[in-house]
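K.L.:
Per TrEMBL, the features are:
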type	residues	note
TRANSMEM	35-54	transmembrane segment
TRANSMEM	94-116	transmembrane segment
TRANSMEM	137-158	transmembrane segment
TRANSMEM	222-252	transmembrane segment
Amino acid sequence: NKTYPPPSQTHLNVLLFPLCLCPGCFECCVKCLGVLPYASLFATILLYAGVALFCGCGHEALSGTATILQNYFEVVRAPVETLDVLTMIDILKYVIYGVAAAFFVYGILLMVEGFFTTGAIRDLYGDFKITACGRCVSAWFIMLTYIFFLAWLGVTAFTSLPVFMYFNIWTICQNTTVVEGANLCLDLRQFGMVTIGEERKVCTGSEKFFKMCESNELDMTFHLFVCALAGAGAAVIAMVHYLMVLSANWAYVKDACRMQKYEDIKSKEEQELHDIHSTRSKERLNAYT
């Protein structure tokens, strides 16, 4: 058994050199971690994840839907002035681009609002004044977030429709392999994708139906729509979380405003009492002299 000598001061200095390289780094990191609004940060991460999942999977699912309609249902693109199902798919893609950009900016704004209404900022930067503009901004964010919450509820309900449609198609494909001689047809007129005068259907006995059921496009598009639905649900949860955070921040701002008024009144009364005492002291000194 070897016995090693205790470490010298030189060895300790070498080991502690990285920590001592930047004086006050530990305190600075602690302050930065204290400033972070963790509730807003969690809601922002959840919002970005939900929006990214909805926009990415929704875009690819719409592209897969257009491919299925063109390859198996023989849907052709109408002239430019006519609004058909393929044109609507292109419009929905552009809407997805706008949703991704808008909520990326909105998440940053809510994160900044969370920073400025966190109590740790007051400890870091000192006392600050709660203005009427700040209270109006907090109230405006609450109202806007509530509107977006209702909008995402509608988006979730709308996204569930293609999931239900593709689930029916997937079920028909599964049933045709189990039940022989089943005569089932998929007619786009039932889903409102084409006009009544157009007949765009695929029946179980046709070659296109078997190719569509065996293709990866149908299975992939179905699962992409399911992922888009999950992303929309995550965005709804993020909006609810933001509403709770903004409501708590609003209550904090309101209490801070009342405390600020109380401190102003208290300091004013103390100043008046100090002036009265100083005036009486001067009068007594003048009477004595």
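Don't overthink the numbers, they just go from 1 along the chain as shown.
Using the three backbone atoms N, Cα and C, a Cβ is placed for every residue, glycine included.
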K.L.:
What else in the chain is close to the transmembrane segment (35-54), if you only count residues 6 or more beyond its ends and a Cβ gap under 8 Å?
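P.N.:
Tertiary neighbours of the transmembrane segment (35-54) are 96, 99-100, 103-104, 107, 110-111, 113-115, 117-118, 120-121, 124, 155, 159, 227-228, 230-239, 241-242, 244-245, 248.
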K.L.:
Six or more residues out from either end of the transmembrane segment (137-158), which same-chain residues have a Cβ under 8 Å from its Cβ atoms?
P.N.:
54, 106, 109-110, 113, 117, 229, 232-233, 235-236, 239-240, 242-243, 246-247, 249-250, 253
